[in-house]
Every structure is written in structure tokens, then in C-alpha cells.
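These features come from TrEMBL:
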- Cys116: active site, proton donor (ACT_SITE)
- Lys22, Asn23: phosphoenolpyruvate binding site (BINDING)
- Arg92, Arg121, Pro122, Ile123, Asp124, Leu125, Asp304, Ile326: UDP-N-acetyl-alpha-D-glucosamine binding site (BINDING)
- 8-404: domain 'Enolpyruvate transferase' (DOMAIN)
- Cys116: 2-(S-cysteinyl)pyruvic acid O-phosphothioketal (MOD_RES)
Amino acid sequence: MDRIEILGGHPLYGEIRIQGSKNSALPIIAATILHRGVCVLHNCPKIIDVRYMIQILIRIGCEAHWEADTLVIDASGLDSSDIPAEYAEKMRSSIMMLGSLLGRTKEASIPHPGGCVIGKRPIDLHISGLSRMGVDFRESKILEAKAQKITGCPVELPFPSVGATENLILAAVLAEGETRINGAAMEPEIFELCRFLKAMGADIQGEGSPEICIRGVKELHDVEYTIIPDRIVAGTYLCAAAATKGQVRLLNPPKGQLNALLTIMRQMGAVCRQEDGTVVVDATEGTHGVALVETQPYPGFPTDMQSQLMAALAVADGKSTIREMIFEDRFKAVDGLVKMGAHIQINGKEAVIEGVSGLAGTTVQAEELRGGAALVIAGLCAQGMTYIENRVFIDRGYEDICRDLKKLGGNIHSRDS
Ligand SMILES: CC(=O)N[C@H]1[C@@H](OP(=O)(O)OP(=O)(O)OC[C@H]2O[C@@H](n3ccc(=O)[nH]c3=O)[C@H](O)[C@@H]2O)O[C@H](CO)[C@@H](O)[C@@H]1O
Ligand SMILES: C=C(OP(=O)(O)O)C(=O)O
């Protein structure tokens, strides 16, 4: 079984470069098929989800290869709209192929997407928005979508779903007329998707705000683009610094995207500085709990950081409460943290954490990506050995978490057996 082994109990010190962003790279890779030509993506993270996405593109007739950390995609040969289940069911972002295939071929056949099992994760908002643009859906085990023509129109999202916003943008880029999305998600990954599409020739305004306007264009052109650093990976390493009472500097922090996390870290008593384009978190004087952290759509506190913050609060002085507002089942790391000695009580959407003075290493199971990262953080501050099984979940989003944490002084190794 693939696992991570950690001998904990040491503060993390040092500086680290952050990999390219998973949640930015994946919709952008899906977007490349809108263009009958070549897209060059620099700083693309070599994570499992990106590798699956590449396999999907190859299976539908595209060409893709790596040049160091640059991914080159040539979608001119696309000849199928059938997304293979063996990859689609393993990742959430396979659903982004819906909007881009509709944009390119006016049809798509896609199994229900996989990804982290952290709630029901329906796709009703994707379907209702695309239906308004003229797409007919037939749903059985596989989602079949077809349109005579995709027509721009106003779409109101009752909740700022990241994925639904991305799918609507993707379908609208080559549509006839203007699509105006109201209630759009404002996550930086939406802004970046639009920046990429605009660099390819799309006509988009308002990205980063709740109202995005896309005017359909006839065709796109070749593009070269650099994926931004991953704000969740960056935040994970800052939480590891806080949990181990260490000091970590991010050499290439995602610009302006860590504010919600840094606000909480300051409330915990960590010293957070922005210096010459880097971000430093110094928790060497110890940390204390925070009254309430509530996850919210951007620019609120990100749900993708909730588990890692919980691991840091588990060893902070005093009591904290986390309220998870985005997903119904995102306290998957709690069993493992409690097994390691954390005091955490779950009551519906809320987790109440009583900080303890230390954790003890043991064997725990990663059940999903960020929960797995939280167990790694716990292992780094626990006394003795921690064994985290199912590393594969963590590898979905972290290029090499052991390599990165080793650079910061962690005694951490990966084992395959
Ligand atoms: C690959 C990717 O970028 N994944 C991110 C994306 O996931 P994802 O795009 O799946 O997240 P959404 O923003 O769509 O989901 C947020 C909430 O809306 C609900 N919902 C969503 C769509 C829909 O049609 N109907 C519906 O009810 C979901 O069940 C969830 O409760 O945004 C999440 C919220 O920031 C992050 O945690 C994920 O890391
Ligand atoms: C929930 C996540 O990913 P996905 O949406 O790909 O499952 C995540 O990145 O934390």
C-alpha cells in the first residue's frame, strides 16, 4: 500500500517554492480543446489529476506532451466527444470537459465526475445553465449533451458554484451572442481561466466579479500561458508551520489569495509578514485557538483549507470552532486526528476543537485529498512515527508533499509496497 511515514515532533523551518495550482490548471487544460491548435502551459503541476486529464485528452484525439514542467497540448486532431469513465470517475474536473466539448463539437458524453467525496456534489447548476444556452440533456449512468447551436443568454446562478461558472464560461466562448452570468463564483481560478481564454482570443469582461459577460467569438489562436502558484498548497505549508511552531517563507506566494488564511493565522498569534514578494509565517512563539472560522466562497475562508487549519488548531492553546458552510461531509480527517490524540467534537456543520499540548503518532487513513494533507500536518507535530495510508488521495493535488516538507526539515518519506 502507498503510504507516507513521518517521524514528527520537529518545528519546520525554511523557504519553499509552491507548485502550479491544481484547480487552475485543470479547467485550463479542459479549455485547450476549444482551440484547433496548440496551447503551451508553463508551471503545470505534475499531479495525478493533471495526468488523468491528459489521458482524457489523448483518448479524444488530442496530442499532449511534457517539456520539463511545461505541458504542450495540440487539440487540432480532436475526433471524439466521449469521455472515458476510467478517468472521469476518478476526478471532479472531468466535468469541465462538458462545457468545452459543447463549445467545440456541440455534443458531449460524460460519466458522473468523481473527485473528493466530501458531500453530494450535484451538477444541477451546470445542467440548468447550459440548458438555457440551448443544450439538451439525457441523463442515465452517462450524461449525454447535445445542441443544434449554443446561444448566449443571461444565466443566474443561485449559488456561486466554481464548476458551474467554469462550465458556462467554457460553453460561452464560441457560442453565438452574449452570455451574462450573474452570481458567478469569484475564485482566483475563475479569473485565471478567463485570463487564459482572453490570451487565446476570447471576449470576456467582469471576471473576478459576480457578473461575467462573455461574447462569443468565431475562433481562437495559439497561446502560451503560465499557471499560477497553488494557494491551497501554499496554505497547507503555512498551517504546517503553525502546527509545528516553526517558521516558513513562501518564495512565490499566490498574490493576494492568502488573505483569509493569514487573517486567521494572525488571530492565532502567528506573526505573518509580506517581504519582497514573499510571505513569512512565524509561529515560534506558539499559537492559540480562534473563536469561529467559517468556510465561505472566495474571498471568504476556503473550504479546501479547512482540514489543514483544523490540524493546526488541534495543537493550539484553547478552544476553536470551525463551521463548514460549503460541503456537507468535509470533516473526514477528524477520525484520524482524534486517533492521534486531538480533542474534536462534530455537531452538524460545526467542529469544536479543544487544543491539546501534543499528538501521538499512529497509523491513520487518508480518505480524501485535503483531509490527507491535514493528517500529514498532524504527523509532523506528533511524537513518534505516523503512517498515513492511501497516499494516492494526497497525490491528486500535491506534486510531492514529502519532497516539499523535507526541504522544510520534516522527517517524512513516501513508501510504495
Ligand atoms: C476542481 C476544483 O476546482 N474543485 C474545487 C471546486 O469544486 P466544485 O466546482 O465542485 O465546487 P462548487 O463551487 O461547484 O460547489 C460548492 C457547493 O455547491 C454545490 N453545488 C455545486 C454545483 C451544482 O450544480 N449544484 C450544487 O448544489 C456543491 O454541492 C457544494 O455544496 O470548488 C470547490 C469550492 O471552492 C473546491 O472545494 C474544489 O476544490
Ligand atoms: C475538493 C478538492 O478537489 P476536487 O474538487 O477536485 O475533488 C480540492 O482540491 O480540495
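Note that Cβ sites are derived from N, Cα and C of the backbone, with glycine treated the same way.
Predicted, not measured: the structure shown is a model, and the values here were computed from it.
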Where the C-beta lies under 6 angstroms from ligand 1, the matching recorded positions among Lys22, Cys116, Ile326: Ile326
Rounded to the nearest Å - Cα separation of Arg121 (UDP-N-acetyl-alpha-D-glucosamine binding site) and Lys22 (phosphoenolpyruvate binding site): 18
Winner by Cβ contact number (other Cβ atoms within 10 Å) across the binding-site residues Lys22, Arg121: Lys22
Distance-selected recorded positions near ligand 2 (C-beta under 6 Å), from Cys116, Arg121, Pro122, Ile123, Leu125, Asp304: Cys116, Asp304
Whole-number Å value of the largest CA-CA distance among Arg92, Arg121, Pro122, Ile123, Asp124, Leu125, Asp304, Ile326, listed as UDP-N-acetyl-alpha-D-glucosamine-binding: 22
Asn23 (phosphoenolpyruvate binding site) versus Leu125 (UDP-N-acetyl-alpha-D-glucosamine binding site) - Cα distance in angstrom: 19
Rounded to the nearest Å - Cα separation of Asp304 (UDP-N-acetyl-alpha-D-glucosamine binding site) and Cys116 (active site, proton donor): 11
Cα separation, Lys22 (phosphoenolpyruvate binding site) to Pro122 (UDP-N-acetyl-alpha-D-glucosamine binding site) (Å, whole number): 21
Pro122 (UDP-N-acetyl-alpha-D-glucosamine binding site): tally of other CB atoms within 10 A of its CB: 10
Chain-internal residues, separated by at least six, CB under 8 A from Asn23 (phosphoenolpyruvate binding site): Ser93, Val162, Glu187, Glu189, Asp230, Ile232, Asp304
Surrounding CB atoms that lie within 10 Å of the CB of Ile123 (UDP-N-acetyl-alpha-D-glucosamine binding site), all protein chains: 20
Top Cα neighbour of Cys116 (active site, proton donor) in the set of binding-site residues Lys22, Arg92, Ile123, Asp124, Ile326: Arg92
